[in-house]
Amino acid sequence: MKLGSKQVKIISLLLLDTVFFGIEITTGYLSHSLALIADSFHMLNDIISLVVALWAVNVAKNRNPDSTYTYGWKRAEILGALINAVFLIALCVSILIEALQRIIAPPVIENPKFVLYVGVAGLISNTVGLFLFHDNDQEHGHGHGHSHGGIFADHEMHMPSSHTHTHAHVDGIENTTPMDSTDNISEIMPNAIVDSFMNENTRLLTPENASKTPSYSTSSHTIASGGNYTEHNKRKRSLNMHGVFLHVLGDALGNIGVMLSAFFIWKTDYSWKYYTDPLVSLIITGIIFSSALPLSCKASKILLQATPSTLSGDQVEGDLLKIPGIIAIHDFHIWNLTESIFIASLHIQLDISPEQFTDLAKIVRSKLHRYGIHSATLQPEFITREVTSTERAGDSQGDHLQNDPLSLRPKTYGTGISGSTCLIDDAANCNTADCLEDH
């Protein structure tokens, strides 16, 4: 475990919070301070969250894929982030209820000076935690642009011919991919799934791989002004570590609120001064909730395998349909394995020979690479008749094919449907409704 790793940071904060929890609960009972006792249980909530985060990091790092968990435990951190977000939301609800009770019947704080001192000590503790996790929360990758003038429109099938590929950084454009992380996709998925993997810092077509490139000739496969750029706003931060950061931030804000209300109660004689404590608590609760809810939504979307928020499935599909030889795309799925690893699977209907598929698949993969998708499963479906140029130019659900046998096309998203023209649907897919009825 190297210094500065996630585990070291979490363990450091865990030890600090445990010590402070003992101090708070002891002094709270000795001084009969309900506020301190309540804050100590708030600290206990953070300790539990840190334990969950530490478990998630260790499991994700040390558990390898096996026959039961074929992707490994990489999503353990996503699960940890969701658990932490739920803890935060539950904590916000409990603070809200307590604050409303204190507004109705505000308690008298007999020793505000002592509460102020404890608040200062707690703020110092949480400031250390903020410094520990600030870098994880704000870390962003650098920009790296990939663009292909003409969107492969000038590619023609020639076997063999030369193929050139130029990468460049473009001023003013931050076109990044989400794979600049310590995760190695080849360690997560078996070689049968991932033939090879290039991260964004690696030239897609390196000299040693040049002989393996698609034999498609091109006149405009270079970076050019006016090319089609796809922006990916990459964030390297881990949702799990972001959840820990929000816990620490919530504690720090809570301690600031305790200090402000204690100081106000200590130094003023207003009859309404005791209302400051619950009112400040409500404001802080709103801030914490506004951060915890998006965290839970992000983690939930990943677990539900939604399309990554930085991508448009329709845009990716439209880009792929411009590749000569592709007629239609269906059963198209894009999802996150983790925050930084995108995966795709799709069926593509083709009007090329099976011998040409490998070369076309490499073009498809390079397209997906530009969008940050570095692992894709392609299911080819070869059309056995000649396809007209009008059909080739159409989209995956073109209306101009209504009188053609291919007009009954399956939907781009979802799975194959009964009666569709998915050429391998009957062989590869079950009719889900019928199967469930049989069982």
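Just so it is clear, glycine is given a Cβ too, placed from its N, Cα and C backbone atoms.
For 1-9 (among others), the entry in Swiss-Prot reads topological domain 'Cytoplasmic'.
Below 8 angstroms of C-beta separation, residues 36-37, 39-41, 43-44, 46-47, 50-51, 53-54, 57, 118, 121-122, 125, 128-129, 132-133, 244, 248 of the same chain, each at least six residues beyond the ends of the transmembrane segment (10-30), sit close to that stretch. The annotation transmembrane segment is assigned in Swiss-Prot to 10-30 (among others).
Residues or ranges marked as transmembrane segment in Swiss-Prot: 34-54 (among others).
Summarising the annotation, Swiss-Prot assigns topological domain 'Cytoplasmic' to 55-76 (among others) and lists a curator's inference as the type of evidence.
Annotation source Swiss-Prot lists transmembrane segment at 77-97 (among others).
According to Swiss-Prot, the feature topological domain 'Vacuolar' maps to 98-113 (among others).
Annotation source Swiss-Prot lists transmembrane segment at 114-134 (among others), citing sequence analysis. Within the chain carrying the transmembrane segment (114-134), a Cβ under 8 angstroms from the stretch's Cβ atoms is held by residues 9, 12-13, 16-17, 20, 23-24, 27, 31, 33, 35-36, 39, 241, 244-245, 248-249, 251-252, 254-256, 258-259, 262-263, 266, all 6 or more beyond its ends.
Residues or ranges marked as topological domain 'Cytoplasmic' in Swiss-Prot: 135-244 (among others).
The motif 'Histidine repeat 1' feature in Swiss-Prot is assigned to 140-144.
Annotation source Swiss-Prot lists compositional bias 'Polar residues' at 207-230.
Residues annotated as region 'Disordered' in Swiss-Prot: 207-231 (among others).
Among the features that Swiss-Prot reports, motif 'Histidine repeat 3' is placed at 219-223, with the record citing similarity to another entry.
Per Swiss-Prot, phosphoserine is recorded for Ser225, and the stated evidence type is a large-scale study or a structure entry.
Marked as transmembrane segment by Swiss-Prot: 245-265 (among others).
Sequence-distant contacts of the topological domain 'Vacuolar' (266-274), counting only residues of its own chain at least 6 positions beyond either end whose CB sits under 8 Å from a CB of the stretch, comprise 106-109, 112-113, 116. Summarising the annotation, Swiss-Prot assigns topological domain 'Vacuolar' to 266-274 (among others) and lists a curator's inference as the type of evidence.
Feature annotation from Swiss-Prot assigns transmembrane segment to 275-295 (among others).
Nonlocal intrachain contacts for the transmembrane segment (245-265), taken as residues 6+ away from its ends with a CB within less than 8 angstroms of a stretch CB, comprise 13, 35, 39, 42-43, 45-46, 49-50, 84-85, 87-88, 91, 109, 112-113, 115-116, 118-120, 122-123, 125-127, 129-130, 132-134, 136-137, 273-274, 276-277, 280-281, 283-284, 287-288, 291-292, 295. Here the transmembrane segment (77-97) has Cβ contacts under 8 Å with residues 42, 45, 48-49, 52-53, 55-57, 60, 238-240, 242-244, 246-247, 250, 281-282, 284-285, 288-289, 291-293, 295-296, 298-300, 302-303, 338-339 of the same chain, all six or more residues outside its ends.
Packing against the transmembrane segment (275-295) from elsewhere in the chain are residues 35, 81, 84-85, 88-89, 91-92, 95-96, 98-100, 102-103, 106, 109, 239, 242-243, 246, 249-250, 253-254, 256-258, 260-261, 264-265: each is 6 or more residues past its ends and has a CB under 8 Å from a CB in it.
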